[in-house]
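Visitor: Okay, handing you the structure first.
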Amino acid sequence: MNLLIQDTMTPEQTKKFKYWQTRTIVVTMVGYALYYFVRKNFNTAMPSIEVTFGITKAQLGLFLTLNGIIYGLSRFINGFIADRVSARKVMSLGLALSALVNIGFGFSDKMAMLVAGTAGGQEYITALTIIMGSILLLNGYFQGMGVPPVPPLMTHWVPANELARKMSIWNMSHSIGAGLIFVMGAVLVHYFDNSAWRLCFLIPAAFSLLGAVALYLALRDKPSSVGLPELEQMKVPGEEQKPVRKSDKAYHAAFLRRMVFGNPIVWVLSVSNFFVYIVRFSLLDWGMMLLPHTKGISVAVAGIMVAAFEFIGGNLGMVIAGWATDRLFGSRAHRTCVFCMLGTIVMTIVFWCIPDTVSPWVMAVPFMLIAFFIYGPQALLGIAMSNQATKEASATANGILGVFGYASTLISGVGLGFIADRYGWNSIYAVILVFAVLGLLTLTTIWKAAPDGYGAAKKFTAEYERNSSR
């Protein structure tokens, strides 16, 4: 436990704080893993949807792109909301609504039949495509309510000098959720073949509805909600601590202008996130189609490999990247990300060059190592953003990060669908390499940046108060 907490609280309070800190991390991890259950389930169902309904790769890619754009915009909008209202309510409501629209997607073919008046033909396929796309757009917005509440929750419960390690652990929720849903999808495809697509939506939705209730009941927004002092109320020797001024709207607006919208580091991190997410989504979203076409394996084996990509490679990468950031790079997450992007480039080249005659279990090693390296930046860029914008604006700043991250689906969604149709699946690896290099070059521009923005925020507050007192 952080020495600042131990020196400020009584032993009973310290024990209670540690309990609630751990509870918050674990509950939000489970909750966000369930968000993945009702988002990445579409990717597990894509091969079955393509075969069953004849929807093209370009159309599937368009679905991914539109969903990603709406998701990114939703993260930005809900970033503002989560900085001002109950993070617990936003996160639990979003999961419940996402689960409900997934149930609707599971019956989208029935809806199309009612609209078209037939269960086949071009009119039916057109109606089905519109209905599926519309539901995915709704789901994209509701999914955007999952991440924005997390930075405010974490920065209220975790001191800044512990944030990289503990947020890296929290970020395992991405890989746990995606890994489990790809395993579930692979099992359903294996036993039910192409008819599995409906179950890929209904089963995860049931788990997520239960999870939404659990989120609402188990979370608390901040320490004062359970009778504990806030982190900013704890005394640092020799330094006067001032309360956060969230009630001062003029101050908050000026703070956002300086620490978020006028902060060049925020924009560099956001552009870097765009490149990182292209690499990640190219393999995660298309993996169950890319691997069978380029490496000659079955869809079921591809599902297991994508699950291993997330669950093993991704989780190990995030934890070790968080440890390295705090222990080796002085909490400078952006420096860790530079080395991770180098590793991503090398492992992508290795995996691309492996012939399809090699055992899938041998192929899985460099494939998981790509995840090991790319999930470092995937986890750390959000941590870096929270630290640079400080706890007062972390959700807003991470909303911008999300917009750039999911704008990447313009490339990783419809762009890759078009490229695969036109130039073949192997060309996808060249696209991945180009954007990995761009991500590396972008991150090197902030190599010398400070580990956080709290010093700049303190200067801004002093300047603001001087100007206000005149």
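Cβ coordinates come from backbone N, Cα and C, glycine included.
According to TrEMBL:
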TRANSMEM  20-38  transmembrane segment
DOMAIN    24-454  domain 'Major facilitator superfamily (MFS) profile'
TRANSMEM  58-78  transmembrane segment
TRANSMEM  90-108  transmembrane segment
TRANSMEM  124-142  transmembrane segment
TRANSMEM  169-190  transmembrane segment
TRANSMEM  196-219  transmembrane segment
TRANSMEM  255-279  transmembrane segment
TRANSMEM  299-324  transmembrane segment
TRANSMEM  336-355  transmembrane segment
TRANSMEM  361-383  transmembrane segment
TRANSMEM  395-420  transmembrane segment
TRANSMEM  426-450  transmembrane segment
Visitor: Who are the chain neighbours of the transmembrane segment (426-450) in space, where the CB to CB distance is under 8 Å and they lie at least 6 residues beyond its ends?
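Guide: That would be 265, 268-269, 271-272, 275-276, 278-279, 282-283, 286, 290, 294, 332, 334-335, 337-338, 341-342, 344-345, 348-349, 351-352, 374, 377, 388, 411, 415-416, 419-420, 456.
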Visitor: Under 8 angstroms, Cβ to Cβ: which one of 20-38, 58-78, 169-190, 361-383, 395-420 has the largest number of such pairs with the transmembrane segment (90-108)?
Guide: 20-38
Visitor: Do we see three or more Cβ pairs under 8 Å linking the transmembrane segment (395-420) and the transmembrane segment (58-78), pairs being at least 6 apart in sequence?
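Guide: They are in contact.
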Visitor: Which residues, given as numbers and ranges, are at least 6 beyond the ends of the transmembrane segment (169-190) yet have a Cβ under 8 Å from it?
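Guide: Distal contacts: 25, 28-37, 40-41, 43-45, 47-48, 150, 154, 196, 199-200, 203-204, 284, 287-288, 299-304, 306-312, 314-315, 318-319, 322, 371, 375, 378-379, 382.
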Visitor: Counting Cβ pairs closer than 8 Å, which of 58-78, 124-142, 196-219, 336-355 has the most of them with the transmembrane segment (20-38)?
Guide: 196-219
Visitor: Determine the mean pLDDT over the domain 'Major facilitator superfamily (MFS) profile' (24-454), rounding to the nearest whole number.
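Guide: It averages 87.
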